[in-house]
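Asks: Before I ask anything, let me first share the structure, which is written out below as structure tokens.
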Amino acid sequence: MGPPSSSGFYVSRAVALLLAGLVAALLLALAVLAALYGHCERVPPSELPGLRDLEAESSPPLRQKPTPTPKPSSARELAVTTTPSNWRPPGPWDQLRLPPWLVPLHYDLELWPQLRPDELPAGSLPFTGRVNITVRCTVATSRLLLHSLFQDCERAEVRGPLSPGTGNATVGRVPVDDVWFALDTEYMVLELSEPLKPGSSYELQLSFSGLVKEDLREGLFLNVYTDQGERRALLASQLEPTFARYVFPCFDEPALKATFNITMIHHPSYVALSNMPKLGQSEKEDVNGSKWTVTTFSTTPHMPTYLVAFVICDYDHVNRTERGKEIRIWARKDAIANGSADFALNITGPIFSFLEDLFNISYSLPKTDIIALPSFDNHAMENWGLMIFDESGLLLEPKDQLTEKKTLISYVVSHEIGHQWFGNLVTMNWWNNIWLNEGFASYFEFEVINYFNPKLPRNEIFFSNILHNILREDHALVTRAVAMKVENFKTSEIQELFDIFTYSKGASMARMLSCFLNEHLFVSALKSYLKTFSYSNAEQDDLWRHFQMAIDDQSTVILPATIKNIMDSWTHQSGFPVITLNVSTGVMKQEPFYLENIKNRTLLTSNDTWIVPILWIKNGTTQPLVWLDQSSKVFPEMQVSDSDHDWVILNLNMTGYYRVNYDKLGWKKLNQQLEKDPKAIPVIHRLQLIDDAFSLSKNNYIEIETALELTKYLAEEDEIIVWHTVLVNLVTRDLVSEVNIYDIYSLLKRYLLKRLNLIWNIYSTIIRENVLALQDDYLALISLEKLFVTACWLGLEDCLQLSKELFAKWVDHPENEIPYPIKDVVLCYGIALGSDKEWDILLNTYTNTTNKEEKIQLAYAMSCSKDPWILNRYMEYAISTSPFTSNETNIIEVVASSEVGRYVAKDFLVNNWQAVSKRYGTQSLINLIYTIGRTVTTDLQIVELQQFFSNMLEEHQRIRVHANLQTIKNENLKNKKLSARIAAWLRRNT
């Protein structure tokens, strides 16, 4: 062994190997940690998307944008520091729901949008804001999560714990080490140097900035519009469902209710509105010396973030007082001067009073503002105390007297006022139960309007507005349930819940529940529910519990199961049942309603039955309620005899959410009754029989001939809504497009024209002699167009003549307005029966009008020409001349949709496809292929069509187009077989 060295540190070879192993293990661990920390993106505030745009624009004049500073001592005001890297470890920020560590109690919110009347924004404008959020800590944590998106956090402090009973006095401050954003889950994360204490309250103080956009109606947004001949701008908000986080950092979940003190800073020439009445105003100068108005508002009740609302505008208003509370309708100055807001003002107060009396709960806020925006994608929003509408859903102009608009405005206003109880006062706990808001608000639309207009046919209107559409959309296996059991929704999935199932199926559930109980019991349960959960949140089971309490307190209504078991069978299952009654045996069965009555049941769950209330009539007399609470059951009382007067109809007034089928004898008995005395069957059931029969035949439950038999009596039918249902089901777009391929047109013409005389004479006489008589006939207003277009398509001479008369009067004297319900048809046939002279008149009208709706009407009408050269010229104009360059209507698609235009458009595309693609985009070419190819029935036709378009599409587009054309071909082959059967039946019965 050699001598030891005089200096240094030595290890043995074994120790060296051990240390090398430890270093390797450490490096491996670091690699694993790096992979984990890179699990999701971590973004400091300065790198948020969209905020570079903000920095590129002129900074808000109120103060300079602060520059990041080093972490200060606790004695200095904290400026936010950020972690420079974009990684983050796995943690609560990966979850779709906020952790339950903090409960918000109160927000002090100030917003300062830089909107000036002398500098109209070009697409966007900056805003700044401050929010102080008082929270209660429930779990010790040094990481605070709240929602925030599209904002730059400029300052963050946490003060507390707050001393009990001393307001905002604090005993300390919790240093904030870092602020960063989890973009995918839309969180702002505050990293603290020490944990918050459970049971204590704190105040989060945040300053932020962002952008107000014009092109998106989410968060804060802009409308630029024209009023009194000048271009103006306004700012408004839409925070439902998850857009509050776009405006200010917050706890953006519906169950996290809090109170709000709101302050808006705005130009002195504007008025600021929010949920509560104005509390006071003061003046403020920015760094440039410009004066701004500071408007503060009273404290709100406890409410979720999605109901917070702001508007800054230069509007006028009309007002009235209802039970001591002010109601104001705000709109453009022109609209107020024209009286367009008067109708909404006159109905709003009485609707509030009706619902207050019905629920025995007064409206909670001291005022209501309702504002009409020139452009609002959501149509209407129920913000507490500040409801926001699109103009089309609130303003009634003199020219609207012959539209269904008056009734539709009544429904929309009733819906939003209904939300003041269902949604605002009592809010669903989470978005999976949004139907508790929207379904009941939709249902009470009809109850309100029926109360004020008892002569309106309530069942027929509910069918037309709600049932007809939802029953066509809701099919087992391919749709969703009304109430979702899943709670962890992504933001995009939450937005998708605002669909026909939430609104229309939800309303149908409420209506069915009301009918199998009774109105008194139904309202009594709702009163209890609303009172118990006022200013709070509820789940579906809470609602069922209060219904069960009401049922248990009486003995008149006896149910076969608990209300929860009954209603869960409807709200937790997709689709609906088809109920089939054998009138010979009295056997009733249920099965899920499937598209095309699929035979493969392998995807079914064991729970594929409903507890079905059966209200029914026999020989015109209402019978006691029965229940089908299993797959099959015998009801001897529903058997019919051989008597011609013996018949049964299930689903009284269509209050149950299901289709009804009968055995052959049952359908035969109903058909005999229709031919003998149709008025013995109520209008709603004539509607029901037609709609159910055609839907059942389309989906292979019964033969098409069974449905057609029900139309034989139509010569005696004088209810236009029944005719509308027949024509919608029989004269479909597919059938119209096939008239030159199959010999069905001449047969259908002879069959229907023999039966149209009565209904046609009624309404053609009204149109000629007293068209204003239609203004309060809602069912006629929504049905006339289909009657008129079918009569003219069938070549009814008087229809063509009336179209000529109305068109000529309008051309000669434009003040002679064409009745709105048939304006599209009259314009179309005016062009189809005319020459280039009439076409040029429409072009001139199109060029000079600024009304968007009228432009769309005229664009479609000009495509009705039968002259190929006119259609070619039209398409040339569409891609090259100024009248059409700003119009979003795809003129080429419109032309291609017509019988003559299909071939003209195909040839036009050969020479102009690049210009068409540039004007309308590549997707328009794909849409055109489907439009032009909607009659293909062979693979050869598909190949020919694809070869024709091959140079216009990319390879991936060709593959998609081929697959979709195959689907179209299969549909057309099915329609061809159906048309052949219809034609054969018509031959036997014409």
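Placed from the backbone N, Cα and C atoms, the Cβ positions cover glycine too.
Here's the feature list from Swiss-Prot:
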- 14-34: transmembrane segment (TRANSMEM)
- 35-990: topological domain 'Lumenal' (TOPO_DOM)
- 48-91: region 'Disordered' (REGION)
- Asn132: N-linked glycosylation site (CARBOHYD)
- Asn168: N-linked glycosylation site (CARBOHYD)
- Glu240, His379, Ala380, Met381, Glu382, Asn383: substrate binding site (BINDING)
- Asn261: N-linked glycosylation site (CARBOHYD)
- Asn288: N-linked glycosylation site (CARBOHYD)
- Asn319: N-linked glycosylation site (CARBOHYD)
- Asn346: N-linked glycosylation site (CARBOHYD)
- His415, His419, Glu438: Zn(2+) binding site (BINDING)
- Glu416: active site, proton acceptor (ACT_SITE)
- Tyr503: site 'Transition state stabilizer' (SITE)
- Tyr503: active site, proton donor (ACT_SITE)
- Asn607: N-linked glycosylation site (CARBOHYD)
- Asn653: N-linked glycosylation site (CARBOHYD)
Asks: What's the CA-CA gap between Asn653 (N-linked glycosylation site) and Asn261 (N-linked glycosylation site) in angstrom, rounded?
Replies: 48
Asks: Sort the recorded positions Asn132, Asn346, His419 by C-alpha distance from Met381 (substrate binding site) and give me just the closest.
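Replies: Going through Asn132, Asn346, His419 one by one, the Cα closest to that of Met381 (substrate binding site) is His419.
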Asks: Cα-Cα separation of Asn383 (substrate binding site) and Glu438 (Zn(2+) binding site), in Å?
Replies: 13
Asks: Please identify, from the binding-site residues His379, His415, His419, the residue with the sparsest Cβ neighbourhood, meaning fewest other Cβ atoms within 10 angstroms.
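Replies: Across His379, His415, His419, these binding-site residues, the one with fewest Cβ atoms within 10 Å is His379.
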Asks: Please give the average pLDDT for the topological domain 'Lumenal' (35-990) in this predicted model.
Replies: 89
Asks: How big is the gap, in Å, between the Cα of Asn132 (N-linked glycosylation site) and that of His419 (Zn(2+) binding site), rounded to a whole number?
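Replies: Pair distance, Cα basis, whole Å: 28 Å.
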Asks: Please report the three-state DSSP label of His379 (substrate binding site).
Replies: coil
Asks: Looking only at Cβ atoms, how many others are within 10 Å of the one on Asn261 (N-linked glycosylation site)?
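Replies: I count 17 other Cβ atoms within 10 Å of it.
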Asks: In whole Å, how far does the CA atom of His379 (substrate binding site) lie from that of His415 (Zn(2+) binding site)?
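Replies: Here the two Cα atoms are 12 Å apart.
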Asks: Run through the Cβ atoms and count how many others sit within 10 Å of the one on Asn346 (N-linked glycosylation site).
Replies: 12
Asks: My understanding is the cutoff is Cβ-Cβ under 8 Å with a sequence separation of 6 or more in the same chain; which residues meet that for Glu438 (Zn(2+) binding site)?
Replies: Gly423, Phe498, Thr502, Tyr503, Gly506
Asks: Measuring Cα to Cα, tell me the gap between Ala380 (substrate binding site) and Asn319 (N-linked glycosylation site) in whole angstrom.
Replies: 19
Asks: May I ask which of the recorded positions Glu240, Asn261, Asn288 is closest to Glu416 (active site, proton acceptor) if we compare their C-alpha atoms?
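Replies: When the Cα distances are compared, Glu240 comes out closest.
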Asks: Which residues in the same chain, at least 6 apart in sequence, have a Cβ under 8 Å from the Cβ of Glu240 (substrate binding site)?
Replies: Tyr306, Leu307, Asn378, Met381
Asks: Rounded to the nearest Å, what's the C-alpha distance separating Asn288 (N-linked glycosylation site) and Asn346 (N-linked glycosylation site)? Just drop the number here, would you?
Replies: 45
